[in-house]
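Copied from Swiss-Prot, the annotated features are:
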- ASN231, MET260, TYR289, HIS325, SER345, ARG346, GLY347, ASP386, GLY387, LEU388, ARG389, GLU425, TYR452: substrate binding site (BINDING)
- HIS429, HIS493: Zn(2+) binding site (BINDING)
- CYS573, CYS576, CYS581: [4Fe-4S] cluster binding site (BINDING)
Amino acid sequence: MNQLTNLSSAEISAQHEQDAKDLTRILPASKKVYIEGSRPDIQVPMREISLTDTPTGLGGEHNPPIMVYDTSGVYTDPNVQIDLNKGLPSVRQKWIEERNDTDVLSGLTSKFGQERLKDIRTADIRFAHIQNPRRAKAGKNVTQMHYAKQGIITPEMEYIAIRENQRQREAVDMRQHPGQNFGAKNLKEITPEFVRQEVAEGRAIIPANINHPELEPMIIGRNFLVKINANIGNSALGSSIDEEVAKMTWATRWGADTIMDLSTGKNIHETREWIIRNSPVPIGTVPIYQALEKVDGVAENLTWEIFKDTLIEQAEQGVDYFTIHAGVLLRYVPLTANRLTGIVSRGGSIMAQWCLAHHEENFLYTHFDEICEIMKAYDVSFSLGDGLRPGCIQDANDEAQFSELKTLGELTHRAWEHDVQVMIEGPGHVPMHMIKENMDLQLEVCKEAPFYTLGPLTTDIAPGYDHITSAIGAAMIGWYGTAMLCYVTPKEHLGLPNKKDVKDGIITYKIAAHAADLAKGHPGAQVRDNALSKARFEFRWDDQFNLSLDPDTARSMHDETLPKEAHKSAHFCSMCGPKFCSMKITQNVRDYANNLTNSDSEVEEGLKAMKEVYQEQGQKLYHKV
C-alpha cells in the first residue's frame, strides 16, 4: 500500500503518475490564498483567479481578481508537501484540545477495530500512522450544536463565516437579480454569530468529528451556499484503496463539499481510514453496509450489538456524519407493495428485510436514543436516511415516502434533545411539478433541519445521462431550500463510476447548486457570472476559460476549432465567425453611438431637411426604381 500511495515511488504506473500530477496541479491563473481570522491559526483557504486587463480599445480598465470557494484542501497548495502515507496536516487539533472536554483513549474501543488492528493480514494495507481516538469526557457533550446552544462561537464557526463570505467586499461588480428565496435569509454578510444561531436552531449543521482534525470546517444549511456531496466507494466487483483515495481527492479538487464512502467490498475499515486521514472535507458513511458485511450479507442476522460496535468503530476513525435509516418502520413496509419499483434504498431494503424476518420494529428506531449518546460523544452528525424514497417517478410522493419523512421529523426532535446535529435525506425520482411539495413538507415536519437530496431525477428515460435528469431536479429543489445536493454520475443505475464520471457528476452538480444560489438571490452569487460575462464581451478568452467551473474542458473545446495562440485574442469564435459575432457587432454599435456628437439643434436641422426632401418627392412612402 505504501508503494501505491507514495506520490514519488517508481512503483507507480505512468497513469498513476499522471493522476498524482492532476491532483496537485494548480488551475490556470489561480493561486491558493488564506484569509486569517481573529487568531493566527484560523487560516481560511480560497482560490484567487487573476484576470487580464480590458483591452485599450474597449476602455482599458483593470479587472481585479475573483475569489471563489475552494474545497481542494492543501493538494493545490504548492507550499505543502503531499504525503498520503502520513495524511493531511491537522487544522482543528488545537481547537479541540483547548476546549478540554475530550479524553485521548488508550486505544480503540470498538471490538472490530481492535481485531483489524491485530490482524496481520491487513498489515500491508493499513494506514501506518493511526492515532489513538478521542471521546467526550464523562458527562460532556462535544457537538457544535451543544456549543452553539451555550452561546459559544467556536473557531469552526468563525472559519465558516469567513469562508462563506468569499471576500465579497472586494468584489467590483455586485449587480445581481433579487431572486426568490422561499423564506430563506439572504444576509449581505455572514457573521460568526449568525453561524452560531443557525446551528443552535438546527437550521444548519457543521459536520466535524473530533477524530477528523484534518477537516476544513464547512456548513450545510439553506441560508448558506448550496453544497454538493460526491459518493465514492469500492464494491465486491473491484476498486482498490489507492483508487478510492484518488477519487476522493479528485472529487474535492473539482468542488465536492463532502464525500460519502459507500464501500461494500473488501477492506472497508482500512479503505475508510486512508480516505479520512487524507480528506479536507467531511466524510459520511452508511454504517449498516459494513454491519451487513460482518454478518456475511444476511440481513436477518443483524443485531443492535453489531451495529453499535460499527458506529463506535467508524466514529473513532473520524467519520463526520452517518446515514441512519431509522425511519423505515415495520408498519410502513406494506405501503411499498404496490409500487412500481418497491424499495430501492440499499439501507432501506436491509432494514425492511430485518423487520419482516423478525416481525419487530426497526432496531435503529428503538435504539435511537442510544445512537444519539454515541453521536454526541464524538460529534458525529445524523443524516437521517430516506429508506423509502421513490425509485421511479411513478412512485413519487406516495404514502410510504411521506410517512417515513414525518417519522424523520419526530427523530429530528429527539436528536436535538441530545444536541446532536441533524440533516434529512430526500428523494429520489420526482417529476418537476411534484418537487416543491417535498421541500414544503420537509420544512414543516422537520422544522427547517437541512434537507439533503439525491437529485431528484425528473425522468426515467435517460440511462447514461442521469447526471442531467437529476441536475434539473437538483437545481429546482436547491432553489426551494435544499441545503446539500448529492451528485449523480452518468453511470447511475449502470455501474461503478470511474474518474471521468466523478468529475462529470461534480461539475454538473456545481452548476445545479450555483443556479440555485442565483435563483435564491444569495448575496454575491452572481459575482463570478458577471466577471465571466464581461470577459466574454471583451473577448478575453483566457479569462473566460479560467473563470469557468472546468477551465480544462472550456479551453480544449475552443482549441478544437481555433487552436492557435493568436485565436485567444480574436474577436470571434468558431460558432459565428468574424462577420456574425453578436458581441463584436454590439461593440461596433457602441463605438458608433459614442462617436455621435450632434447637438440637439443639428438633429433638428437634419430632420427638417429630410422633411423637405420627403415633400419634394410627393410625400410617397415607396418609389419606383
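Using the three backbone atoms N, Cα and C, a Cβ is placed for every residue, glycine included.
A map of Swiss-Prot features onto the structure.
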residue	record	CB count, 10 Å
ASN231	substrate binding site	23
TYR289	substrate binding site	19
SER345	substrate binding site	23
GLY347	substrate binding site	22
GLY387	substrate binding site	33
ARG389	substrate binding site	27
HIS429	Zn(2+) binding site	26
TYR452	substrate binding site	26
HIS493	Zn(2+) binding site	13
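DSSP assigns GLY347 (substrate binding site) to a helix in the three-state reduction. Within 10 Å (C-alpha to C-alpha) of HIS429 (Zn(2+) binding site) lie the following binding-site residues from ASN231, SER345, GLY347, ARG389, TYR452: ARG389. Secondary structure at TYR289 (substrate binding site), as computed by DSSP, is helix.
Comparing CA positions across the binding-site residues TYR289, SER345, TYR452, the one lying closest to HIS493 (Zn(2+) binding site) turns out to be SER345. Residues ASN231, MET260, TYR289, HIS325, SER345, ARG346, GLY347, ASP386, GLY387, LEU388, ARG389, GLU425, TYR452 are the ones the record ties to substrate, and the longest Cα gap between any two of them is 20 Å.
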